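Structure, as structure tokens:
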2 protein chains.
Amino acid sequence: MSKPRPLSGFPEFLPAQRSVEVEVLRTLSRTFELHGFTGIETRAVEPMDQLLRKGDTSKEVYVLKRLQDTEAGKDAGMGLHFDLTVPFARYVLENAGKLEFPFRRYQIQKVWRGERPQEGRFREFTQADIDIVGQGELPFHHDVEVTRVMLEALSQLTFLPGFRLQVNNRKLLQGFYVGLELADTDEAMRLVDKLDKLPEEKVREMLVAEAGLSDEQADKVLGLARICTPDDSFVEQVRALGVEHELLTQGLDELAALMRACQDIVTDTVRIEADLKIARGLDYYTGTVFETRLDGYESLGSICSGGRYDALATDGRTTYPGVGISLGVSRVLVPLLSKGHLVADRQVPSAVLVALTDEESRAGSTAVATALRTRGVPCEVAATASKFGKQIRFAERRGIPYVWFTQADGSHQVKDIRSGDQVAADPATWTPPTEDLRPQVVTHIPQKEIQ
Amino acid sequence: MSKPRPLSGFPEFLPAQRSVEVEVLRTLSRTFELHGFTGIETRAVEPMDQLLRKGDTSKEVYVLKRLQDTEAGKDAGMGLHFDLTVPFARYVLENAGKLEFPFRRYQIQKVWRGERPQEGRFREFTQADIDIVGQGELPFHHDVEVTRVMLEALSQLTFLPGFRLQVNNRKLLQGFYVGLELADTDEAMRLVDKLDKLPEEKVREMLVAEAGLSDEQADKVLGLARICTPDDSFVEQVRALGVEHELLTQGLDELAALMRACQDIVTDTVRIEADLKIARGLDYYTGTVFETRLDGYESLGSICSGGRYDALATDGRTTYPGVGISLGVSRVLVPLLSKGHLVADRQVPSAVLVALTDEESRAGSTAVATALRTRGVPCEVAATASKFGKQIRFAERRGIPYVWFTQADGSHQVKDIRSGDQVAADPATWTPPTEDLRPQVVTHIPQKEIQ
């Protein structure tokens with residue numbers, strides 16, 4: 001077999017890169033579980049009719065067929081899921097009788113999209129979703145809850161750059177547009193969503209030409225979109241635009257409550273903004289909406305998005321409202337890892353290499369390793385009884401911080417090969433500092449990361 | 001949307017079942033990492049030419065096509081992996097220059113096979129593989145290492161029934177058959193592999209009729225297959241059959257060394273046997289071979305299998321020998337979970353439900369929860385300020401062991417709802433017993449499990 005080449009759009013990690021991903025996923029899971037979120041997994045496939053319900057993504061689905069069915073062009077009627085929301089909604093309906101509501105779940109899985117690979121877009125990637133789902137109703141305080149949980153989860157990833165969670169509320173937008181008497185509020189929302197990519201002047205033209213807004217209406221719509229505050233002071237600014245509507249008031253109240261309830265966890269690196277241009281155009285959100293920007297990596301787009309659905313799922317009789325947020329784990333990690341901005345300080349979990357004097361003493365070295373492992377110290381025994389200098393270089397190449405030697409008289413020494421310090425040690429009691437037990441993530445993020 | 005129905009062959013777990021799986025996967029990962037195995041993941045897809053190299057599984061591959069390519073019958077030239085060995089061999093070749101050898105890796109992922117679903121066979125299932133791969137060479141002591149690591153990993157799953165790891169060596173079989181002057185040793189090995197499913201008398205007939213053995217040769221082949229010892233005493237029994245060959249001697253030496261090196265970790269529930277009927281018929285093993293039976297669940301077949309490959313991968317110039325073993329996580333868990341023989345004692349990670357006196361005090365209850373979480377106590381705040389009795393029943397239904405109350409005077413009490421004990425507690429210091437921090441796996445395995 002000749003040397004295989006990577007498949008475009010299907011990123012894979014080397015061991016030290018994967019260590020970073022594992023650290024991220026463990027931190028996320030731990031935070032989600034601390035907040036009572038249950039981890040579930042759904043199968044990778046869904047029936048095609050489920051996947052095609054959201055019209056605009058249908059072209060991106062990978063359809064499965066069994067190899068022996070090739071000739072007939074027959075497929076299995078199933079495709080790979082392209083997000084974790086569609087399978088979760090199906091899981092909730094399928095198991096509604098066996099779940100307790102409100103149901104908090106987190107789900108960290110790969111998803112697949114058959115789209116053309118490009119910077120920041122993958123065909124296989126990992127998402128980490130949290131959602132809270134109610135049966136019939138779901139009080140607004142759960143919107144605050146998912147916001148706080150994701151803020152906390154992201155802030156635990158201390159090796160990542162800072163970030164900015166941008167929050168808005170669809171009721172606020174919808175109420176403002178209805179209050180302004182816009183003919184087509186959906187179209188206006190879709191165009192405002194383009195402020196990310198297009199200059200304001202261009203969006204104004206489209207609002208007038210495509211959505212039929214008057215100049216005055218366009219001014220107000222863009223005035224609203226310009227409002228962005230780190231606290232609840234946006235309310236006053238919106239009120240100053242002089243538009244009135246009951247739904248607008250509801251949206252303002254909700255967003256203000258959310259902003260106030262999150263102030264205690266804001267820091268220099270963990271920020272939240274009421275950003276009134278955020279609309280999440282094509283998705284079916286009905287209240288709170290989220291996007292998130294990573295400092296210095298704004299070109300990645302939103303790395304963490306979501307919102308409130310009044311009907312995450314429905315079986316016709318019961319409706320299941322939900323609020324959730326989805327972190328694009330691969331979207332963040334693949335660029336940072338492939339540029340070397342993040343890396344782990346070792347390629348293996350081992351904190352200790354137990355050196356081998358000769359092949360006959362392998363059982364003795366294995367016994368040392370076994371003793372260390374009982375206290376949770378990951379270690380490996382040297383593969384061959386080469387010269388100690390060579391065994392130390394072997395450890396160095398892998399980033400293993402300690403090498404353990406058993407002397408001829410049966411006494412033991414352990415060497416920190418970073419400092420060169422070597423001390424007497426007892427396999428029954430010695431433990432390295434906690435930070436050496438697991439690979440550490442090292443950041444090499446340029447001061448001015450320009451993408 | 002009407003109520004969705006499960007897809008046959010694609011098992012999914014309810015939250016309390018998934019907790020058991022998470023516990024299994026965490027325990028496996030921890031054990032593998034303690035032994036210096038690096039966790040990697042490979043993409044779910046491989047090019048079709050990679051997947052079709054093993055002829056006999058080709059019909060089971062799920063081929064991918066993008067939805068918009070449907071009409072042309074065009075597929076993406078890729079399929080879902082059906083095991084973790086093919087992708088791992090590809091990963092080793094692709095990254096050989098960046099890996100350190102011997103390379104110890106573990107890999108826990110889903111795999112897919114388009115076969116007809118039946119008892120114990122799935123279309124999507126999870127495997128946990130460990131392998132050690134060398135560049136050019138891989139000393140035999142690594143065969144002992146993977147055996148010990150998997151024995152230890154399985155023995156850490158204390159809620160599972162006991163198990164029996166059955167080991168043999170292809171060199172032993174091959175050497176014995178060549179020493180016996182069999183015309184077609186592969187065919188003999190393939191037939192001996194059927195002793196699992198067919199009576200000995202039937203296999204004897206086939207050995208004579210299909211593989212052309214004489215009665216005397218068939219006697220010896222079956223005599224060898226009958227040998228099964230918990231230690232290295234099999235050597236003497238094989239020698240007594242009077243067959244001589246250099247490869248046989250090599251196989252006997254290796255297997256005896258492995259059996260001796262594992263005696264210290266054998267217990268009543270964790271057993272190892274030199275079982276000379278184990279052949280792993282169609283796979284390309286060249287030395288040690290493994291199978292594993294779960295006590296009381298023998299009808300599941302081997303739950304954990306593997307062996308030594310002299311060429312796990314090769315690029316024509318360099319060969320990468322490997323030894324590994326693969327645990328069928330779904331094969332074990334799906335039947336045990338679906339029969340209710342294993343279950344977790346709660347549906348949520350929360351150890352504490354923080355009760356809510358009224359909606360106005362939500363911030364106070366959230367502050368209690370935040371304080372508990374800083375010490376790693378998973379908790380959730382009650383969804384609604386219903387009567388305390390109702391909040392306690394809510395906790396009961398989810399299996400949350402503790403309910404926290406904040407009194408009107410600002411003091412706190414915590415109630416263990418299993419015992420009814422209620423004591424004063426401080427959110428800044430109170431911690432439940434360690435075993436209450438995470439869901440516990442409860443076993444309900446019938447004394448006489450007959451399948």
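Cβ atoms here come from the backbone N, Cα and C positions, even for glycine.
TrEMBL annotations: computationally assigned, not manually curated.
Small disclaimer: the values here were computed from a predicted structure and weren't measured.
Feature list (source: TrEMBL):
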| type | residues | note |
| --- | --- | --- |
| BINDING | A:D83, A:L84, A:T85, A:R113, A:Q127, A:D131, A:R280, A:Y284, A:Y285 | L-histidine binding site |
| DOMAIN | A:23-349 | domain 'Aminoacyl-transfer RNA synthetases class-II family profile' |
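Annotated features, which come from TrEMBL, shown on the structure.
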| residue | record | Cβ neighbours (10 Å) |
| --- | --- | --- |
| A:D83 | L-histidine binding site | 17 |
| A:T85 | L-histidine binding site | 24 |
| A:Q127 | L-histidine binding site | 19 |
| A:R280 | L-histidine binding site | 18 |
| A:Y285 | L-histidine binding site | 21 |
Message = How many Å separate the two farthest-apart Cα atoms among the L-histidine-binding residues A:D83, A:L84, A:T85, A:R113, A:Q127, A:D131, A:R280, A:Y284, A:Y285?
response = 22
Query = Can you check what DSSP calls A:T85 (L-histidine binding site), collapsed to helix, strand or coil?
reply = helix
